[in-house]
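So that you can see what the record holds, here are the features copied from TrEMBL:
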TRANSMEM  A:37-61  transmembrane segment
TRANSMEM  A:81-101  transmembrane segment
TRANSMEM  A:113-139  transmembrane segment
TRANSMEM  A:159-181  transmembrane segment
TRANSMEM  A:244-264  transmembrane segment
TRANSMEM  A:284-304  transmembrane segment
TRANSMEM  A:325-346  transmembrane segment
TRANSMEM  A:366-384  transmembrane segment
TRANSMEM  A:391-419  transmembrane segment
TRANSMEM  A:439-457  transmembrane segment
Amino acid sequence: MQVTSPIREPLVTGHKTMHDITEDICRRVEEKPSKAWLAAFGVSLMMLIVGGYAAASTWWYGIGMWGLNKTVGWAWDITNFVWWVGIGHAGTLISAILLLFRQKWRTSINRAAEAMTIFAVICAGTFILMHMGRTWLAHWALPLPNTYGSLWVNFHSPLVWDVFAISTYLTVSLVFWYVGLIPDLATIRDRAKLTLEKYPLLDTDTPEERREKRKKRRPIAAFIYGLLAFGWEGGAKVWARYEYVALILAGLSTPLVLSVHTIVSFDFATSLIPGWHTTIFPPYFVAGAIFSGFAMVQTLMLITRKVYKLEDYITITHIDYMNKIIILTGSIVGIAYVTEFFMAWYSGVEYERYAFLNRAFGPYWWAYWSMMTCNVISPQLFWFKKIRQSIAWSFFLSIVVNIGMWFERFVIIVTSLHRDFLPSSWAMFSPTLYDMGDYLFTFGIFFTCFFLFAKYLPVVNMAEVKTILNSSDIKAKAKATEYLKEGGVVAAASPMYDKGKDL
Amino acid sequence: MADTRLGHTKERFIVGIYDHEDKVVNAVKKLKNDGVKIYEVYSPHPIHHIDTYIGHPRTRIPIAAFLFGALGTLSAITLIIYTMGIDWPMIIGGKNFVAIPTMVPVTFELTVLISALGMVATFLVSNNMGPGKKEFMFDRRTTDDKYALVVDLDANTLGEEQIRDLMVKYGAETDPLPRIVER
């Protein structure tokens, strides 16, 4: 057990015991869905259905349903794809990079953030599949043996790199998330099995007694969570292996997070379009992705915290830390915008200069300045502690940042395309209802999946929060100090407290 | 003593329950000093280094991760060189048939993918885990807030009573006393 500095804010408040943590998190899974959950789930299902109609129409009639033209061949589809991939970045970042940096505050939010990653990447993938036009030929993007004269995919193409990057990212994030879930699934399984033991159905029971007992027993939960828990027993040997797996997955995922958005940026950067062909894109896209991802985590965590009454686990300290990351990444993104402009001027290439002046002062000036306001100016408000620690401000600004990041992708893609080298082919892009419907469809997927996750799986990583409880709670710390005085041995990573060596 | 009823050899364990991680670590160390061989400690969360105190060998999961990663790198390089350079060579964008810079992204992704999947598969196989696998829990509260220290009676020279007394002396719960579990 590591005892942290007394001046640090506790990460778990309310003097929780380990059993309290189990109760608080498992109760949400075990109880019947609340009216608020049903209402929210209903709204997301509606989005899924209405958007699903637009998506089905797009698949049936083709992408001619979109507002694309021969000049603007990429617009909302790729904007939404890049935006969703960016949203997905915070989850793995919280799980992987913060784990490597030993940031204990990640433990309360990593589970939901990882789930968010998976759903966001699924939404991103939906746009890629739609954008292909003929989705049923999506497997052609994979290097599969075929009968077309051994015609292989082009490994020199950034679009093929994207296929590998996104599918690897989705798979590894899914594995990381599921491995992390196993101990908590076992907790729910064991709680369900304990109720079965507590209320055995006996031959001597009267029909009324049996009916009463049946209401309390949870055989379906015991069966399903039993299947999902993979036979977890929680021995020291298994935990040791588990920790290594988590650490190595974090080590593998860290460069993976950076590589995915780098490769997404290559879709643009390796082209020769003014406004896309820039070397700053990889770090700029990665920073933007983390920026938007953290904003989305903030939005979802503030809602989850309120609805599930998790104020003791997702504290103001957590919100404050996330806002600090938003300031950092928002500032990096701001510098990137300025650098792009400077490099366009400094390059001396007139097309490049024009592309950037057109962004700021051309027909899409409103999109550019929306982006600048939302992404560069608004996060700077978080320098003020009162704003950074205010739930209402954090919620509002997290949404503003996500709107801004959507505009950033729109600006990069559409303003760079709509005025190409030939003024005779200049064109404007306007989205159709199907563009909007497809976007709504992915929101439907995202929120439906998120609400199902929040209801049927533990939203906070119980095992990890239990690990930090002793070092994050004043009472637990006092208990350990008292125990030391009595000559006990503290479970120690720190040799300072490891009295066991003297035994 | 092993029970041989119905032709099955049953293992007999004594299970002590502790309510704090510090207590169970203390008990592990002191029982080891008293010459008791510990079978396993079950806990609701990882306790750092307790596996080494018990005497479990260091895990070789990192080696598996490295080997699978190397397999991923090799397969990616082989795949790209075979498809782009040997089976259907085409000049695309003036690049070489085997252009190393363009091989980097896919090679990296496959290295990560195969390493991660291989390591997790190794983890599941080595722990005998998988979808729907049946667990054997010495105490179901160990996934909630209790710690179970398990001693295999057949592997120890000390008797049941002596081990039970030592467990209690080092902080095991007394209500109920450490109990015998057969498997």
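Heads up, the Cβ atoms here are built off N, Cα and C, so glycines get one too.
Ranking A:81-101, A:113-139, A:159-181, A:366-384 by CB pairs under 8 A with the transmembrane segment (A:37-61) puts A:113-139 at the top. Two recorded stretches are said to be in contact when at least 3 C-beta pairs lie under 8 angstroms, sequence spacing 6 or more; the transmembrane segment (A:113-139) and the transmembrane segment (A:284-304) meet this definition. Proximity of distant same-chain residues to the transmembrane segment (A:391-419), defined by a Cβ-Cβ separation under 8 Å and at least 6 residues beyond the stretch ends, is recorded for 71-76, 78-80, 82-83, 86-87, 268, 273-276, 288, 291-292, 295-296, 298-299, 302, 316, 319, 322-323, 326, 330, 333, 354-355, 358-359, 362-364, 367-368, 370-371, 373-375, 378-379, 381-382, 426-429.
Scored by C-beta pairs under 8 angstroms, the transmembrane segment (A:366-384) has its highest count with A:325-346, from the stretches A:81-101, A:159-181, A:244-264, A:325-346, A:439-457. Counting Cβ pairs under 8 Å to the transmembrane segment (A:159-181), the top-ranked stretch among A:81-101, A:244-264, A:284-304, A:325-346, A:439-457 is A:244-264. Counting Cβ pairs under 8 Å that are 6 or more residues apart, the transmembrane segment (A:81-101) and the transmembrane segment (A:325-346) reach fewer than 3 and are not in contact.
If you look at the transmembrane segment (A:325-346), the same-chain residues 6 or more away from its ends with a CB under 8 A from one of its CBs are 278, 280, 283-284, 287-288, 290-291, 294-295, 298, 352-353, 355-356, 360, 372, 375-376, 378-380, 382-383, 397-398, 401, 408.
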